[in-house]
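Peer 1: One structure follows; several queries about it will come next.
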Amino acid sequence: LKQPIVLSWFNDEVNFVVCQLCALLTAFWFRLYLHPSKTSPFVRHVVATLLGLYFALFCFGWYALHFLMQSGITYGIMIIAGVEHMHKYCLVVALAYLGFCQITRVYVFDYGMYSADFTGPMMVITQKITSIAFEIHDGERMPSLLEYFSYNCNFMGILAGPTCSYKDYIAFIEGKPFRHRELENNGKLQGKTRLNDPSPNMEVVRKLGTCFLSLLVFLSVCKVFPVERNTDDDFIATTPIYAKVVYLYLSMLTTRPKYYFVWTLADAINNAAGFGFNGYDSDGKPQWDLISNLRIMNIELATSFKVFLDNWNIQTAHWLKRVCYERCPYNPTAATFLLSAMWHGAYPGYYLTFLTGIVVTLAARAVRHNVRPYFLGSPTHKFVYDVITWASTQIAICYTVVPFVLLSVGPSLKFYRSWYFCLHIGCVLLAIALPVKPRHLRLKEQQSISSSSDSTDSQKHKNGQRSYSAATHAESQTNETQKQTSKHSASACTRPVGRHTNLGSKWRHQDLARDWWV
C-alpha cells in the first residue's frame, strides 16, 4: 500500500514545482505584455485570476473548488455583516472552513504524509481573507468581486503565497505603487527614486540561485540526519548528551532548505511579475523585499527567539501581528501562538510546538530585559553575550520545533522525555525569576512619563510669559515722560507674543500626543 502513496506524494511534489516554474515564466510575460501602461486593471485582474485557477486545478484537481467556495462565502459575509463586525465573522468562518478541510485530510485521507495538499493554498487564502476584512474594518474600501478573487487566487501566489496587503496588491495591478520607500532629503538620489518601475531581473536571478542551492542542500543532506533518529531507542540510550545536542541541531538545520526553496521561489515569481518592489536603499539600489517571506542569514545567525521568528515566515508573522497580537487585550503572546497552531493544521505536534513556544518566548524576553544590559559595557562582553545567545537560541528553536516535524504526540513526548523536559522547566523558572512588566503596563508607564513631560513644558512656557509681562510693565513705569507711547508699545509687544506662546505650546502638546499614539 505504501508504494502508491509514495508515488502520489512524488507526483504531487513534481506537479507543484512544474506549476511554479510555469508561473515564473508566465510572470515575466505578465509584466512585459500586460503592463499597467499597456492594458487596463480589469484585464490584469481577469488574466491573473484565470491563470491562478488553472494552476490550482492542474495541481489539486477539483479540490481547488474549495478556494472559490471559501472566498465566495466570506465575501457574502462581508456584504451582509457590514464594516463593524465583518472582520470577526470572516476570521471565524475562514478558520473554521480551513480547519474542517485540514481535519478531513489528516484523519480521513493521508495522516502523516507531507504532500502538496490543497489545504496549503487554503492557508494562504485564509490569511488574505482575514487580512482584507481587517483592512476594510480599519477604513479600506470594499473590493469588487473580481478584485477580491484576483487578490485571493492570482497565479503568482495561489500555490505558495506569500500573503500581502490588499492595498499593495491593488496598487500593483493598477500601476500605482503604494509602498515605495523613496529616499527623502537627498537631492542627488531624488531623480533616481522617482523611477517607479525598475527591472526585477537581477533580483529574480539571485533568488533563483538561492532556490537552486537550497534544493541541492536539501536533497544532499536531508537523509543523512533524519529528525526521527532523535527518538530512536538505541540513539537515546547510547548517545552522550553533547552528541544529542549536536545531532538535534544538524537534523533540524537540514529541514530548513525545503522552506527556503519554496518561499524564495514564490518571492521570485511575484518579483518577475513586477510585484514586491519596496523602494531604494541608502545606496540607491532597488529593494524587492516587500513581500519576502524570510531572511536566511538573519535566521541562521539569530541571537534571540524573537529575531528568529521575525525573519522566518515573515508575512505570516505580520498577519498574526495585525489580526491578533495588536488587538488582543490580554495575553497577546499566548493568543497569537494559539491562533498560529489552529491555522497550521490538525496535527497534535503543531500544538505541542506552539505551546512550548509560549514558554520559550516569555523566558527569552525575561532574559533579554534583565540580563542583556550587563553585557553592553564593552564590545568584548557584547560579543560573548551574542555567542552564548546564538547557541541558546538555535538549540531552543530546534527543541521547540521537533514536534512540528514529528507531527504525533507519542514520538514528540518521547523526545521531550529523553531530554527530561529540561528546556520547559528551565524556561518556566526563568520566566518566574526574571519577571517582565506586561506590555499594557509598560505602555501606560511610558504614556504617563510623556504626559508629565508635556505638563512641565507647558508650565515653563506660562512662567516665561508671566516674566516677560512683568519686565514689560516695569519698563513702562520707568519711562513716565513717554507714558502714552510706552503703553501702546507694551500693548503692541505683549499681546501678540502672549498669544503666540500659548498657541505654540498647544501645537507642541498636540504634536507630542499625535506622535505617541502613532
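Quick reminder: no glycine exception, Cβ is built from N, Cα and C everywhere.
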Peer 1: Which one of these stretches, 330-348, 349-367, shows up in TrEMBL as transmembrane segment?
Peer 2: 349-367
Peer 1: Can you say which of 46-66, 86-108, 387-406 has the most Cβ pairs under 8 Å with the transmembrane segment (418-436)?
Peer 2: 387-406
Peer 1: Taking residues 6+ outside the transmembrane segment (349-367), which of them lie with a CB under 8 Å of any CB in it?
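Peer 2: Tertiary neighbours of the transmembrane segment (349-367) are 304-306, 333-334, 337-338, 340-341, 393, 396, 399-409, 412-413, 423-424, 426-428, 430-431, 433-436.
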Peer 1: Six or more residues out from either end of the transmembrane segment (387-406), which same-chain residues have a Cβ under 8 Å from its Cβ atoms?
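Peer 2: Result: 227-228, 230-231, 245, 248-249, 251-253, 255, 301-305, 307-308, 348-350, 352-353, 356-357, 360, 364, 412, 415, 419, 423.
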